[in-house]
Every structure is written in C-alpha cells, then in structure tokens.
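Heads up: the structure comes next, in structure tokens.
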Amino acid sequence: MRISASTVLLGAASAASAASFQNQAQQVLADNFHKAHDAIKPVADSFAHTTLESFEEAFNGMNSQAKALWDEIKLLVPESAFDKPTWFSKPKAAKRRKDWDHVVKGADVQKLWVKGADGEKHREVGGQLDNFNLRVKSVDPSKLGVDKVKQYSGYLDDEANDKHLFYWFFESRNDPKNDPVVLWLNGGPGCSSLTGLFLELGPSSIDKKLKVINNEYAWNNNASVIFLDQPVNVGYSYSGNAVSNTVAAGKDVYALLTLFFHQFPEYAKQDFHIAGESYAGHYIPVFASEILSHKDRNINLKSVLIGNGLTDPLTQYEHYRPMACGEGGYPAVLSESECRSMDNALPRCQSLIRNCYESGSVWSCVPAAIYCNNQFIGPYQRTGQNVYDIRGKCEDDNNLCYSALGWISDYLNQKDVMDALGVEVESYDSCNFDINRNFLFQGDWMQPFHRLVPGILKEIPVLIYAGDADFICNWLGNKAWSEALEWPGKKGFNKAELEDLSLPEADKEYGKVKSSGNFTFMQIYQAGHMVPMDQPENSLDFLNRWLGGEWFEQ
C-alpha cells in the first residue's frame, strides 16, 4: 500500500517514505494545519450536493467516537474548505490513437447466445458489457526487448463513463497453449501494476541506465501474465472521471477479462488465476466475487493469491504494535513508550473499525482510517525505517524508498516505449496519490472485504502469502486474519500445522506453509512487502507449485 505524505497525515496506510514524512514536518494529525486542510477538503466536496436532512441523518447515525474524531478534524479546517466543490483527482491529458490491430465491442459480445445442455438458449457471457470496448495492439518484442514472447497491449474503454484501462499481456515462455493465465494487480490504491512487472515478477527489470535486464525468475516462465493498470488514472490508464471504491473497479476488471478472452479464445480455455499484493487484498476478494457471480462466463477462474495484503483491518491493525516492537521475528523499531502508546490506542481504533464494519458509512469508515493509521503507522514512519521492509532504512524518499521505481518511471515515460505499446497518455507515474486519497475519503480503506472470502472458498482455493520483513501489511496480521476468518473449514485450518517450505532441490527452507480445505497461508522468510523482488527464485517456486494444485483441496 502506498500514499503521499499529505495523505499519511490523515492516516492512509500505504505509506510514503519516512524521510519525506520527516522532512515535511508531518507529525500526527494536529501538527500540520495546511496538510490537514488539503486532505480533508475532498470529504467536504463529496457531500456538496447532499441535502441537509440526509447530511444530519448520516452524522447522527455515527457512534460517539466517530463523532468525536470528526470534531477533531473540524477544528483543523476553516469553513472556507466547504465553500466550493472541486474534484481532486485530476484527469490525465490523453490523445486517442487509431492504429489498433483488434477492437472488440462489448455490445457485439452481449448479443451472443448459445444453447445450453438443457436445450435452452442463454447469453454466452453475463454482465453489462454494452458500454465497453477492448482495443488490442500486437507488441513487437524486438522493439523493447522486454521479452521474446508474444505480447499484447491496449485499453479497455468504458465509453459511457470515459474510462480507459491499460493492460500489457505476456505469453508464457514455456507452453502457452496449455499453461495457465495470471492477472497481476499491484495495490496502492493508485499504484501501477507495471511496477510489479519491472520491479518484481515480470520478464525484465530496468537498471539505473534505463536498460532492460532479463529476469530468469519471471512469473511468465510457466504462465501467461496480464499486468493491468487499474483503477483509471493509474499508470497508463486514464479518465475524465474517477473510480473511488473497490466495488466499482471490479466491474471494469470483469469486462476487460471477458472481452480479452473473447478475442483470444486460445487463452480462455486455460486455467485462470488472480494474484496481487498490498491493497489488492481489497481488490481480489471483490474481483473474484464479481467473476464468480456470473454463471455464464468465459473466465476459467481457478484460484486467487494475495501477497502481503490488507483484507481484514480489524484483525490486522492489532498486529502493527507487535511487528514494530520486536515480536515479529526482527528487532524492535519503536521504543517501549511508543509501544505502550500503541497499546493504549488500540481499543479506540478497534471500536472505530467495528463501527465502520457495521455501518459501511463514509462517516464511520473515514475516521477509523484517519485515527488508526496515525496511531499505528505514523510512529513507525517517523523513525525513518522502511515501512515495506523492517530490515533497513528508507533509502529514497522520492520513490517510496526504492530508487528503482524512479528508473521504471523514467523508462516508461520514454516516447519510443509509449509508441511501442500504443499508450495514449502524455506521462506515466508509478503511483497516483490523488486516487489513494480518493479511496480513503470514500471510506473504502477500512471496509471488511474479508467477508467475501468464505464465499470464494466454496468455489476456488485461496492463498494468502506474506513476506515476514514487511511492516505495512505484515505477516502477523495476515496470519491472524486467515485464522480468525469465519467459514466452515475454520477449525481444520487452525488445527493444521505450519510445515517447512523449501525448494525441491535445496535443503534450506525459505518459509512455512499451512493448508486446509482450499485455504492456504504462507510465511516467506527474508522478504518484505514485495516478495517476488526479495525472493525471486522462491516466489517462482511456490507460484508454480500453487498453479500446479499442490495445496488445492482434492
């Protein structure tokens, strides 16, 4: 998860660098009036057209703690902040291209009917696709040298809402006619999945000189992989509007996959899996549920994988203190007094999150995010330690602690790269922090999307994996929520013992795994927030074994 420093001020947990946090003198909520003003203004804007009666009804429906926190925020913001509604997610400048190899019209796909086994006719695929089109460009592998395999790039267009999602597909290096297909999603919310491509698990990385370096442990060694920039205005994606919650983004992803597999039926017959990390812990349960809700579909969804995700905040936030205070396998980052302060803040934080879970209201969920993130993430950030890797300091405050993110952005901003991919925006950014704030202030951050997981487990396997050196979405919290999840297999899963996880040809283990009834948890040693970056060989090993069904319920 990632955010801008101003958003950290009001608690979004996808932290920017601690160095930037300190340099801009950002302490807790009340320490920076102007940043608070900028960050809270979108809340006012979102209610600009709300009637007074509904406004009062929503406010009066909050519990006392949520009201108290809104009162604290109100003291920081002058009345002028509520005067004019302005949309804070600025649209990207873009110019439509005409040179596409294929255009798939959702309206045409919507018209297709087939006869079922019962002899009755029904639509070939479900869902509302009329407004969607898919544009496809065949990428010449020799132009960029990222990989030698067959590649496609392009946009999913929602013409009615002016939304355009960019994707980049790489065929499997091994046996594309039979290997599975994986959709990869980075988190944020608001971070490009092309960072996952070049920083973690794609066929190549980018060095300091912007040269393409082959990755021998790429996830497309034995699977075809789609990297998707979503929601809109992330990476190469763009829109004049904005998506501000996970559920809305799920409709777009379903449409993209449906039209892609319609255009390329040779991949539609393969097993399909969704994988992602960080805020994808929100995305993936929603996206998988959206796909599974359509009985008639051409998406052969077989499993989902969530790495170092944020999925159940109520359970996970309890484990920031132990991770920061020396109980997660690494030395303590915080002092004893700071750890005690976290202990003291936990009851209020949990009460606020529970109220968000119960009401689902922006008025309850935004205060929960603001308070909890300032109490549990702010103290860690102020130490200068890397929130994505507890083993070291944040080394590059301009690029979320990792200089390579800057190299990737520079590479993807080159005109020849953009032309080769059919890109329509004028510039690329690894993360769009406006979107991050947008999701935060629409109450998406603290939503209980883990409640969708039991329904998913009824149909497909779920893997939760976590690098054990990550702080921001740490392994303690991920293990805890997977064990706290209420589902029919809970007792069996919790009784299952953690077993050694190691490469078949190696004696040294690289993690632990427990599995029962379609649910699997993995702890990956010596890996931070981005497991494939820190443990490339080991992550490819567990991916291949997972896709091969090693831990699937038979």
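Glycine is no exception: its Cβ is also placed from the backbone N, Cα and C atoms.
Values in this document were obtained by computation on a predicted structure and should not be read as measured data.
As recorded in Swiss-Prot, the features of this protein are as follows:
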SIGNAL    1-17  signal peptide
DISULFID  CYS191-CYS431  disulfide bond
CARBOHYD  ASN222  N-linked glycosylation site
ACT_SITE  SER278  active site
DISULFID  CYS325-CYS339  disulfide bond
DISULFID  CYS349-CYS372  disulfide bond
DISULFID  CYS356-CYS365  disulfide bond
DISULFID  CYS394-CYS401  disulfide bond
ACT_SITE  ASP470  active site
CARBOHYD  ASN518  N-linked glycosylation site
ACT_SITE  HIS529  active site
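Under 8 Å, Cβ to Cβ, and six or more positions away along its own chain, CYS349 (disulfide bond) finds TYR317, ALA368, TYR371, CYS372, GLN375, PHE376.
With a 10 A radius on its CB, CYS325 (disulfide bond) counts 20 other CB atoms from all the protein chains.
Highest Cβ count within 10 Å among the disulfide-bonded residues CYS191, CYS372: CYS191. Following the DSSP three-state reduction, the secondary structure of CYS339 (disulfide bond) is helix. The distance from the Cα of CYS325 (disulfide bond) to the Cα of CYS356 (disulfide bond) comes to 27 Å. Here CYS394 (disulfide bond) is positioned 21 angstrom away from CYS339 (disulfide bond), judged by their C-alpha atoms. Of all Cβ atoms in the shown protein chains, 29 besides its own fall within 10 Å of the Cβ of SER278 (active site).
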